[in-house]
């Protein structure tokens, strides 16, 4: 009874305090109801009571998926140019298959019985066996276990640098030669096989046929790394659609081509970026798994591909060093222009200028192909420690690279960030092709770190014994390759890269058109000149007699004029230290 009276009295006091209304319990109910609704369906709660920011964002066009499964990116801006949600960059390689996969070195297959041997699970005690038979079985098992251990050891040594498998250069007398051979092995390891080239050729041919089927006046051209043989395994393919009449970059045409490719089962994971400065379609070709980017009515990439191939022909060692630097930056996520990294064209320009301005190459003291190791270390030293990013820009003069002060480049003035990389576009002097590489400080640190790592590794292995060198890698200190196991087959000489052939044909056709236009203009001009000459001849015939009558009066002034000319010239000689423009 006492307990009941206490609880009753306490409840009365609470009612008296709130004038007989239990406000506290009502408040709890009001708070709990929206919490339950949010936890059950947050989206409905947001839709009922949107905030001011959400109301503003709802007014903007949203990314959406069309009925045929095409992702339309409406919010892309000029800053998003070059970004790829699958690769992160137009020239950013993806491992094949696309799912993340640990690198596997080429090794002998380990069968189920051998795995059991390694785990010692196959041993069955047989009472009828003699001691000799058991000894033989034990010896055989030990041999098999030893072989398995050797194979596993090889796999461990080559997890991150599989290009050294069966390519031992540890007995080289000069460490620089060891690094040179290892660079060549790496380039051969990642170079395309015949099958890869044929797959890419077939993929482009199929896409081109589909484009021409949709637009008979259009054509598909390849540019970028595939058209120059500077692509890494899994790199995407950059294409451009050009037409006789132009205007294919419109929003409707982007959707039309995307839908057309999807209906023909030539495109999956399709994205249409219509509002960027460079409208583009991104998709994956399902049969090959290759990522493809298609732009419209822009030929500057085709022009750049021709120029780069000329550089490759004239510059020994350019391809090898470019592929090494590309893989180096890719492994560190510094090759994505969208995040401030270095693009493919910028990398090529850096290596090209480095080789063409190297003093020992200019004087023919060294062959670049035989000194790739030293050149790679010096490249990292130049752009990691010594290059003046604050003041110096890279340009070209008569087709050769030059350094010049940033302050004299009016197109990039005013310079907002002095510590930046400035590379003049060889095809457009007003264009800075590296303006998007705002993360140059991290790139410089990476280059400097690579120089330190390589030099330290060279000193370490130089003092090591040949036994300790076995299975070691110099290049592996700065280069990591994680992807599908490959063979050491550079089969570019066995099959033609159609992208290169078609690019060359494009330029030949264009040069013929320009030549024909110039020839037509010259023909019209020469015809007009010939007609004018005949008319002038008929008109000037009568005054010819007057010239004979005036011969004698003109002879005396001629002498005076020659004397005046002589005096004038002699005075100029005194002023210009003997220079006479008339006598040269």
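Here the Cβ of each residue, glycine as well, is placed from N, Cα and C on the backbone.
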Segment assigned the feature region 'Disordered' in Swiss-Prot (from 465-524, 525-584):
525-584
Averaged over the whole of the domain 'PAP-associated' (371-431), what is the pLDDT?
93
For the binding-site residues 326, 435, which one has the sparsest Cβ surroundings, going by other Cβ atoms within 10 Å?
435
What does DSSP give as the helix, strand and coil breakdown of the domain 'PAP-associated' (371-431)?
21 helix, 19 strand, 21 coil
